[in-house]
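S.K.: When I checked TrEMBL for this same protein, it listed these features:
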type    : residues                               : note
DOMAIN  : 27-311                                 : domain 'UvrD-like helicase ATP-binding'
BINDING : A48, G49, A50, G51, T52, G53, K54, T55 : ATP binding site
DOMAIN  : 312-577                                : domain 'UvrD-like helicase C-terminal'
REGION  : 662-712                                : region 'Disordered'
Amino acid sequence: MARRIVLSSDRDEPSGSTEDLTIEYAEALNEQQYAAATAGEGPLLIVAGAGTGKTRTLIYRLAYLVETGTRPQQIVLLTFTRRAANDMTARASNLLDGRCEKVRGGTFHAFCLEVLRQHAEALGFPRNFTVLDAADAADVLSVIRTRGEYGDGEERFPQKNTLYSMFSSATNRDETLGETITKRYPQFTSLHAELKALRDAYRRYKKEHGLMDFDDLLERTLELLETDDDVRHQVASRCRHVLVDEYQDTNALQAELVKKFSSVHGNVTVVGDDAQSIYKFRGADFRNIFRFPDEFDDTEVVKLEHNYRSTQPILDLANRVIEQAERSYDKTLFTEKTEGELPALVPAADGDMEARFVAEMVLRLREDGVPLSDVAVLFRSSHNAYDLEVELNQRNIPFVKYGGMKLNEAAHIKDVLAHLKVVENPQDAASWNRALQLIHGIGPKTAQSLIEWTTEAAEDPLTLGDDAPFSDRYAARLKQLFSTLRHVRSDDTSVTEQVEAILDYYQPLFENKYADDHPKRAPDLEHLAGLAANHESRQRFLSSLTLDPIELTALDQETGEDDEPPLVLSTIHSAKGLEFHTVFLIRALDGTIPSRHALREPGGVDEELRLFYVAVTRAEEDLFISYPMTQYRRGQGEYMTTPSRFVEDLPDDVLEPVQLVEEDAVDENAPDAPEGGDTLPSSRNGEAPAPPESTRDDGPPDDPADADGLPF
């Protein structure tokens, strides 16, 4: 048999000279981008501000590395979506040639899977191990819990999806399970030992059955590279250059993996913006981008500050906002688009007026030639947009919503509405079934018997007679249900009072059914009560929610050929990376952004500040930040709000106060009145009240009612 000689694949492409480059890098890029794209070997940190051409710079760097002799198969491009990696390699190929298609691009999980397929046996797994998605992993946990009789005590045990989220959080944050439970799941602190035993059993089960979940792909790869130096050297030798996009969104495991992948050649380029790190809830640690220069010796740092998206007034606001952060890279965004309107701060009397203001402005923008699809309304949480969705539906303004769900399809809202529906129509068996099975001890069979009795045998379906088929086990709760329904039915109660009565009855059932996340769902219930105040009768309220629903629209929804591209409604998280001619940031309230939860969490306010920064930097030409000065809260009624602390102390020459005025409240003969009366058409009585003084300790906000801005 002939002797074999294996040739090394480590040699580079036969170029290496910058004199023979086909791409005119200096002409295609600005000075900062050029420095980043053409940097030499070694660690490189590109701090890229919003709208500064981060992706373009990374694409040119990729092309530059290939054109100057690095074999594309030895370049690893790590991103957070496969689509992003494919897009970058395709654009680099169009820029240079097909060699860039050979770059090993993909997500951290995909690259780790590639490594594990070759070396899984070193960890005791077969090479053909099965990868579990989140739903599969939760189902496996459910099976293990049942077999092992975990959670059979009197204390409530986490549901399967919560278990998976809990274990995943600990893994991605590189925390002990106890630390994760204490910080994020304190209601299960007493179950720590049992939860740890369950996680250990879950790990054993996966290994015995050749299974890995998404977190294992990262954790097991890191374990492999830390415990087997030969494998680490083999893997890292094939990573001549490691490029990482959105480095501020990496978690503890991913940051460690970057070190291991680059441990042989030491060539690693990371791109990110500390000011746009907004995924802490997924385990992202924005401190990674600050640690990078300390963990990689002789790091070259290049800052991208030339913004190509927004006007300078918008950037001035963004710069002032991020100055409030406790820690950030010192960078100042600037642009050649020096002219433009100041961003506007718009207080509204209430959520209804805020919604009318946005809808009116959207229609005016469309009249001025701005497509609906180039206008975005951003908000902290999905429920912040409910009032606006109703207003847009009433005006037939098409919209698409990212990151939310339909109000009347949320399970906890359906629970409440079921009670209203059985009062309105006692023959509604489906609603009876939902309401009855909320009661502990009533299952499908018992519910069916009770439904048959209420719809067929009972003289008054809302009065529980002695002949009703019920057990003493749940008699008290069942009697309370029927008593509540009769109260709701009475003629002298308003729709708001009816909803409040149901919510009072429902509260303990709600906390029991949604024990893992009821605090997150609670704002939806408060908002439902607020919506009820706008309706004269229970029937109209239910009809409005049914016939004119607050829509959830999918991210990838397509419009028909003749349909107008819709207005964009989006949570701020879902809008990251996007840009629009005009942006409305609504519900800019303390307690909303920053959220009440963030105010209690270490580092939470800074995370919310970065989220606010992401929102304002989505705007190209116009930015409106609005908030209602009064809101409705269960048990309190209407109360005065406080604007977000992120804007209340900004000067008028950075954020211009604007006053909303009802059309019938404008004096056309007044000397300060604008010609044509640029006003908000009146469908309510009166004028927007002056904003409230701040209830926080750091001073009252400037009063927009004293400003000389135009009435709307």
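Using the three backbone atoms N, Cα and C, a Cβ is placed for every residue, glycine included.
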S.K.: With the ATP site defined by A48, G49, A50, G51, T52, G53, K54, T55, which remaining residues of that chain have Cβ atoms positioned within 8 Å of the Cβ centroid?
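M.R.: Other same-chain residues near the ATP site: T57, D273, L304, N307, Y308.
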S.K.: Among the binding-site residues T52, T55, whose Cβ has the fewest other Cβ atoms within 10 Å?
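M.R.: Each of the binding-site residues T52, T55 was scored by Cβ atoms within 10 Å; lowest is T55.
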S.K.: In the three-state scheme derived from DSSP, which category covers A48 (ATP binding site)?
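M.R.: Its secondary structure by DSSP: strand.
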S.K.: Are there residues of the same chain, six or more positions away from G49 (ATP binding site), whose CB falls under 8 angstroms from its CB, and which are they?
M.R.: D273, A275, K303, L304, E305, N307, K331, L333
S.K.: Sequence gap of 6 or more, Cβ distance under 8 Å: name the residues on the same chain that satisfy this around K54 (ATP binding site), in order along the sequence.
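M.R.: Counting only residues 6 or more apart in sequence, the Cβ neighbours of K54 (ATP binding site) under 8 Å are I46, A48, D245, V271, D273, L304.
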